[in-house]
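What follows is a set of notes on a single structure, which appears directly below.
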Amino acid sequence: MALKLNPFLSQTQKLPSFALPPMASTRSPKFYMASTLKSGSKEVENLKKPFMPPREVHVQVTHSMPPQKIEIFKSLDNWAEENILVHLKPVEKCWQPQDFLPDPASDGFDEQVRELRERAKEIPDDYFVVLVGDMITEEALPTYQTMLNTLDGVRDETGASPTSWAIWTRAWTAEENRHGDLLNKYLYLSGRVDMRQIEKTIQYLIGSGMDPRTENSPYLGFIYTSFQERATFISHGNTARQAKEHGDIKLAQICGTIAADEKRHETAYTKIVEKLFEIDPDGTVLAFADMMRKKISMPAHLMYDGRDDNLFDHFSAVAQRLGVYTAKDYADILEFLVGRWKVDKLTGLSAEGQKAQDYVCRLPPRIRRLEERAQGRAKEAPTMPFSWIFDRQVKL
């Protein structure tokens, strides 16, 4: 990405601190697909264009973790079996999307759908923009499994590896898969959204991938997932609360159930990082500071619908305005993780480790101060058409 991800914005749009700044030049031809055609040819450019991310990604750094540290994760396989796999649920005890939706085999199916659609009529457009954005994020699950399988020392080497790390990744993916399925079916039945535009956005997003800047390092990767799972827990929890306020108890139950899953997954990922702090406090605090200096980018930051190159920024601005996921949440999550991992109490660190410790411990209040200043300078937010809701205008 040509511009650094910057959480401290003072634009006219009230963008949250985790949003990416708009790009002056988008859909750049700097992205190359493997091809037998000659590079630079018009044919190559035409083939590549539909598959390019809507914005540039960072210079890619790979395999930054020293090879000897891979042994740490191999040695933790039994620990992961006993301490991480316990946060998975047996399939037979898991909820399924059908538990919350009209039964298509029931004689009352048509009536159940009518009731769902009547409830959905009472929900405002801006809420649906956020719910659709959350659903699209969940539906890009193939990207997230791919990301986990880039991590050295914990990846699924065969596709059916029996290691605890590989089992976790596959089973976590299987549990998460229900989230997008459930929200997708609800939105389809609601009649409030343009499903074809949503489906295009999902395809674009999966094709674009993501740019978490985790460098194949499980230190960076598990810090990232710890942050993300808590962020999705907060986001789905807030959509549940607001659905209830809008009178749709069933939708509130859907969002709340998904939030509970995210909380359980957050517990697993934060436990992994807690163990890394125990084994390698210096390396782990350096990784924590590294991820926070880069700024945590949301998994769907390359979102695109075929029209709006800054779609993620616009979706994020609506989420910020509604209080679904905000700059304050970003700072609160960081503060929570600092406390959860007892970063302020680490001792015996190197000089660089102490600097990293000081940086992450001081960062939450700094983020809050800068965000307050940005909000104070922000002008009246514009409105924007969203293709997901048939180009109806929504205030950012």
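Every residue gets a Cβ built from N, Cα and C, even glycine.
According to Swiss-Prot, the feature transit peptide maps to 1-33.
Secondary structure at Glu138 (Fe cation 1 binding site), taken from DSSP and collapsed to helix, strand or coil, is helix. When Cβ atoms from all protein chains are considered, those within 10 Å of Glu138 (Fe cation 1 binding site) total 25, not counting its own. Per Swiss-Prot, Fe cation 1 binding site is recorded for Glu138, Glu176, His179, Glu262, and the stated evidence type is experimental evidence.
The Fe cation 2 binding site annotation in Swiss-Prot covers Glu176, Glu229, Glu262, His265. Same-chain residues at least 6 positions away in sequence with a Cβ under 8 Å from that of His265 (Fe cation 2 binding site) are, in sequence order, His87, Trp172, Glu175, Glu176, Glu229.
Here Glu262 (Fe cation 1 binding site) comes close to Glu229, Arg230, Thr232, Phe233, His236: these same-chain residues lie at least six apart in sequence, with C-beta atoms under 8 angstroms from its C-beta. In this view, the densest Cβ surroundings among the binding-site residues Glu176, Glu229 belong to Glu229, judged by other Cβ atoms lying within 10 Å.
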